[in-house]
Amino acid sequence: MWKGNSPGGNQGAAMEGTGGELGGQGNWGLADAPGLLAKASLPLMLPWPLPLVSSALTLLLGALTSLFLWYCYRLGSQDMQALGAGSQAGGVSGGPGGCSEAGRPSLRGSGEPGEGPRTEGLVSRRLRAYARRYSWAGMGRVRRAAQGGPGPGGGPGVLGIQRPGLLFLPDLPSVPFVPRDAQRHDVELLESSFPAILRDFGAVSWDFSGTTPLPRGWSPPLAPGCYQLLLYQAGRCQPSNCRRCPGAYRALRGLRSFMSANTFGNAGFSVLLPGARLESRCGPTNARVRCHLGLKIPPGCELVVGGEPQCWAEGHCLLVDDSFLHTVAHNGSPEDGPRVVFIVDLWHPNVAGAERQALDFVFTPDP
């Protein structure tokens, strides 16, 4: 047994006082252990009653749950409104009465099958499926495009000279002719491949007389005097044509912004015979830029986009926003021969990477 007194008097008194608080006496021993343990096991007294704390936590959890459910309701309501607007609007195609998909000799008309979804409702559903799989981050413009319709302000023809037939991406800088520096890498690559692409055209070319059956790989004319051979059609590779044009295919594989996995993406040779003309039309979207590499440019050829005239040059690229109203014509003589350009659809330089990924998902080519 240890006695809580010490020779120092004051120290002994302090120890005995402490012993008195814990065990009621100043002398501690093994017999006092059960009492000490009982005292130590007394419950901790909280500054607030336990039922009050529990009620506060329950109220806080309920408020957070209600806030989350309200947010989900608002998000779903907005999507349903967009889906309803798309269902009422129906399909937006670019047939003869509206704006067709391509300009110049186009690589594919928006009224043709396979160009992409035809209703805003379908675009909204696919966009929501993309967001569920990935995220809404960076999707502000794409979501507004799906909700607001194909043109600025929710309908086609608001700007007059820019009327994309299917998808209008808002707040996207748009000019009829895009500066070369906007796609410097791809422009320089195509221009350096000019000799190889021209040789490929010579290997697949024919007399374009129209009196003989179309050679293998050539598509039926879009209009009298307008022919095309596509390496990519609506985002799908055409293997047989790519094998026949190895130089052009190699150049396409090296491009950074080619829309190769999107129904808006086409690439191939476009031929316009003397006297042929394509009247005013618009492309399906302002999210792309069409790159024209001049291969054979005789006198008298003209391209007018958004009221601005331009002409091609052999071995040089011309970047065109074909969502603007445009016409193309070959006013030369029969002796001048056809106008030939190699056309590639590139992403608009101001469409962000996240937006490209989402649009590739929404407008993925049909299997």
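Yeah, the Cβs are placed from backbone N, Cα and C, and that goes for glycine too.
TrEMBL does not curate its annotations; it predicts them automatically.
Look at TrEMBL and you will find 1-21, 87-122 tagged as region 'Disordered'. Residues or ranges marked as transmembrane segment in TrEMBL: 52-73. According to TrEMBL, the feature compositional bias 'Gly residues' maps to 87-100. The domain 'Aspartyl/asparaginy/proline hydroxylase' feature in TrEMBL is assigned to 228-349.
The domain 'Aspartyl/asparaginy/proline hydroxylase' (228-349): residue composition by secondary structure is 17 helix, 57 strand, 48 coil, according to DSSP. Predicted-model confidence for the domain 'Aspartyl/asparaginy/proline hydroxylase' (228-349) is 95, expressed as mean pLDDT.
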